[in-house]
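Here is the structure we will look at, set down as structure tokens.
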Amino acid sequence: CHRSPLSSGTGAGPSTSTSGPPGAAWPLPPDMNSGVYSSPRDQPTSPPAPHETLGLGRGTFTYEELAAATGGFSQANLLGQGGFGYVHKGVLPSGRAVAVKQLKSGSGQGEREFQAEVDIIGRVHHRHLVSLVGHCIAGASRMLVYEFVPNKTLEFHLHGEGLPAMAWPTRLRIALGAAKGLAYLHEDCHPRIIHRDIKSANILLDNNFEAMVADFGLAKLTYDGITHVSTRVMGTFGYLAPEYASSGKLTEKSDVYSYGVMLVELLTGRRPIDATAHLVLEDGLVEWARPALSRALADGDYGAVADPRLQGSYDPVEMARVVASAAACVRHSAKKRPKMSQIVRALEGDMSLEDLNDGVRPGQSRLFGEEAGSYSSDMNRTKEVAVASPEYSGRFGRPSPVSSDRPNSEETSPVERQPPHL
């Protein structure tokens with residue numbers, strides 16, 4: 001790691017080694033061991049010049065600085081853990097709160113590859129995306145430092161025990177903010193960024209309940225005209241698009257589907273997977289919701305799909321926009337799903353629902369009930385893949401005990417699998 005220009009003279013204390021933890025000075029995070037720091041090739045290069053640091057004002061941190069900020073990566077500061085790694089809350093010497101995410105080892109990325117990817121992430125700026133503050137390379141370990149978002153996650157506020165029901169205007173604001181952040185990643189970033197793990201646990205909320213999409217920095221990047229087929233398809237069961245199991249391809253339309261699941265979750269107050277179900281292969285939220293959304297749009301009665309805790313307290317015009325947007329996003333055919341910018345316009349009332357659905361009146365079964373047999377078959381294959389995954393824990397769509405009430409956390413383990421032979 002290099003000395004961060006952000007921390008010069010801030011009282012973090014000088015360190016004699018910047019390549020890793022100094023002996024027994026700090027405990028190692030769970031995924032690190034002291035052996036990785038002994039190789040000469042792990043020794044740091046010269047500190048970067050100020051103009052060479054990450055992004056606009058972003059920089060690199062030493063291991064010692066992040067250890068000091070997180071209290072030695074203490075259990076008390078552990079925000080959560082998931083498929084990508086561990087997240088600790090930290091406080092920089094300036095007083096700024098941050099979330100330090102230590103990525104799991106084994107990615108195979110070299111230092112230059114990692115820094116190149118981080119540079120792309122560091123150039124992403126949007127009010128509905130969690131900002132990257134900096135990074136650290138310590139031997140084989142990679143850490144990302146994000147801004148700390150204080151008001152926990154959408155998952156927590158929707159499903160936390162003993163919490164008041166989230167008001168309709170708040171739900172709509174969160175849906176719109178998340179859509180804007182995702183649209184920016186898909187359509188305004190160069191190269192385009194596909195998130196790959198959109199879910200309620202990755203939507204952080206500030207104190208005004210404005211949505212901020214988290215963990216996009218861990219997504220795969222794709223350039224125009226290139227479809228990426230990953231050797232480790234990532235996602236959370238219940239949010240996975242049906243085409244994942246059959247092709248393994250990652251596109252922005254897979255993100256659109258996952259956003260649609262989250263929108264149904266926000267609309268109904270239900271989890272993507274029923275936590276009380278005894279069989280994982282039972283129908284999930286989307287299988288139930290697709291015909292229900294179609295009926296609601298056809299007859300204008302939203303009682304069956306609206307969260308009963310709302311007690312009918314919602315604007316029916318706004319409700320129609322959300323229902324139509326959700327139904328369009330979770331279509332079986334990826335090609336027929338809208339772009340996220342279209343969803344933004346629909347939620348804001350700047351696009352008619354007929355335009356959102358290619359000129360077809362919302363509720364007509366030709367679009368909303370299309371290919372039901374094929375959809376069910378593909379979803380069953382996706383479920384079987386999830387069950388066969390080495391990371392299967394029987395807790396799909398549920399928060400981990402560590403992070404159920406904490407912000408900036410990874411609350412569900414992703415599903416990983418080998419792609420099919422194409």
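In case you wondered, yes, glycine gets a Cβ from its N, Cα and C as well.
All chains included, 28 other C-beta atoms sit within 10 angstroms of the C-beta of Lys101 (ATP binding site). Classification of Lys101 (ATP binding site) by DSSP places it within a strand. If you look up TrEMBL, you'll see Lys101 marked as ATP binding site.
TrEMBL lists 7-25 with the feature compositional bias 'Low complexity'.
Annotated domain 'Protein kinase' per TrEMBL: 73-353, in sequence order.
The region 'Disordered' annotation in TrEMBL covers 1-56 (among others).
Taken from TrEMBL, the feature region 'Disordered' covers 362-422 (among others).
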| remark: In the domain 'Protein kinase' (73-353), averaged pLDDT is 88
